[in-house]
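Per Swiss-Prot, the features are as follows:
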{"type": "DISULFID", "residues": "CYS36-CYS119", "note": "disulfide bond"}
{"type": "SITE", "residues": "ARG63", "note": "site 'Transition state stabilizer'"}
{"type": "BINDING", "residues": "ASP68, VAL71, GLY73, ASP75, SER77", "note": "Ca(2+) 1 binding site"}
{"type": "DISULFID", "residues": "CYS69-CYS74", "note": "disulfide bond"}
{"type": "DISULFID", "residues": "CYS125-CYS325", "note": "disulfide bond"}
{"type": "BINDING", "residues": "PRO167", "note": "substrate binding site"}
{"type": "DISULFID", "residues": "CYS204-CYS236", "note": "disulfide bond"}
{"type": "CARBOHYD", "residues": "ASN215", "note": "N-linked glycosylation site"}
Amino acid sequence: MVVVNKTNLLLLLLSLCLTLDLSSAQLRRNFYAGSCPNVEQIVRNAVQKKVQQTFTTIPATLRLYFHDCFVNGCDASVMIASTNNNKAEKDHEENLSLAGDGFDTVIKAKEALDAVPNCRNKVSCADILTMATRDVVNLAGGPQYDVELGRLDGLSSTAASVGGKLPHPTDDVNKLTSLFAKNGLSLNDMIALSGAHTLGFAHCTKVFNRIYTFNKTTKVDPTVNKDYVTELKASCPRNIDPRVAINMDPTTPRQFDNVYYKNLQQGKGLFTSDQVLFTDRRSKPTVDLWANNGQLFNQAFINSMIKLGRVGVKTGSNGNIRRDCGAFN
């Protein structure tokens, strides 16, 4: 049996903290100032063009970023395509609903960068996804903010690594807090990043349990607004095609704003994992605060996105810059 005294434990914790600090220490604004000075404008132009083609680009890119960062860090491992020898992250059951427009946004931005000689293969796919996510938030009416750059692309992507790392629609605050804490994110970060549900859509089958089969006592979740239940049942009848999706935010689905929190106050959170933010006493005060002050929410969202972008950063021999975002070099 190994005995760990307090001194050894303290040293272990300090070592862990130092490792985490070093992994994100290389991140900085204007990281590519010397190698590709116009990187952010090039990516922005590509993203803007993609958004003009389809609005789905916005929520798809935002969701792709979360799914990437929550599984072994922000390293573009979610971009990797499966091969005969490896089933990659993107083909895990929980990632199959990631819209293709998110992947295409990164691919198009990469192509735009590679068309500039001094930028070709100089910018990581992980950084491209980070910039693109910032840009889609802003293009949807959300805040503009500076992003830290300098990530390398991951060298591994397996479907087996995904399980248990992503939030589920039925999660309560305890489960959500635990998942976010594993990535160094606080309760406030969790509430702020959940605000991304002000954009996007979800498949009807994800809400069936709340409006048809809640529990043995009642078929409908009592925390759902009655008018919203009627609306959901009309949009999502029992026999609907499982590919059909509905807006996450029933009020302003194409606008990045704080209406998500106002919806929660009215019992109009689409998922259980949304509505519990209002019904749980630990998160309710923050929901109320941001529902009443959009600027405070925007600032909190920026801070939490920057923290999210530091999760699992790859450095040195743990990563590289991919020539193709969908395949290892």
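Cβ atoms are placed via backbone N, Cα and C, with glycine included.
Sequence features annotated in Swiss-Prot and their locations in the structure.
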residue	record	contacts (Cβ under 8 Å, 6+ apart)
ASP68	Ca(2+) 1 binding site	CYS74, ASP75, ALA76, SER77, VAL78, MET79, ALA126, LEU129
CYS69	disulfide bond	ASN183, LEU308, GLY309, VAL311, GLY312
GLY73	Ca(2+) 1 binding site	GLY154, VAL311, GLY312, VAL313, LYS314
CYS119	disulfide bond	TYR32, SER35, CYS36, ASN38, VAL39, ILE42, LEU113
PRO167	substrate binding site	PHE70, LYS175, LEU176, LEU179, SER273
ASN215	N-linked glycosylation site	none
CYS236	disulfide bond	CYS204, VAL207, PHE208, ILE211, VAL244, ILE246
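ASP75 (Ca(2+) 1 binding site): 28 other CB atoms within 10 A of its CB, across all protein chains. Sequence-distant contacts (6 or more apart, same chain, Cβ under 8 Å) of VAL71 (Ca(2+) 1 binding site) comprise SER77, VAL78, GLU89, SER161, VAL162, LYS165, LEU166. Neighbours of the Ca(2+) 1 site: apart from ASP68, VAL71, GLY73, ASP75, SER77, residues of the same chain with C-beta atoms within 8 angstroms of the site's C-beta centroid are CYS69, PHE70, ASN72, CYS74, ALA76, VAL78, GLU89, ALA126, GLY154, SER157, GLY312. Cα separation, CYS125 (disulfide bond) to ARG63 (site 'Transition state stabilizer'), rounded: 16 Å. Recorded residues CYS325 (disulfide bond) and ARG63 (site 'Transition state stabilizer') have their alpha carbons 17 Å apart, per Cα-Cα distance.
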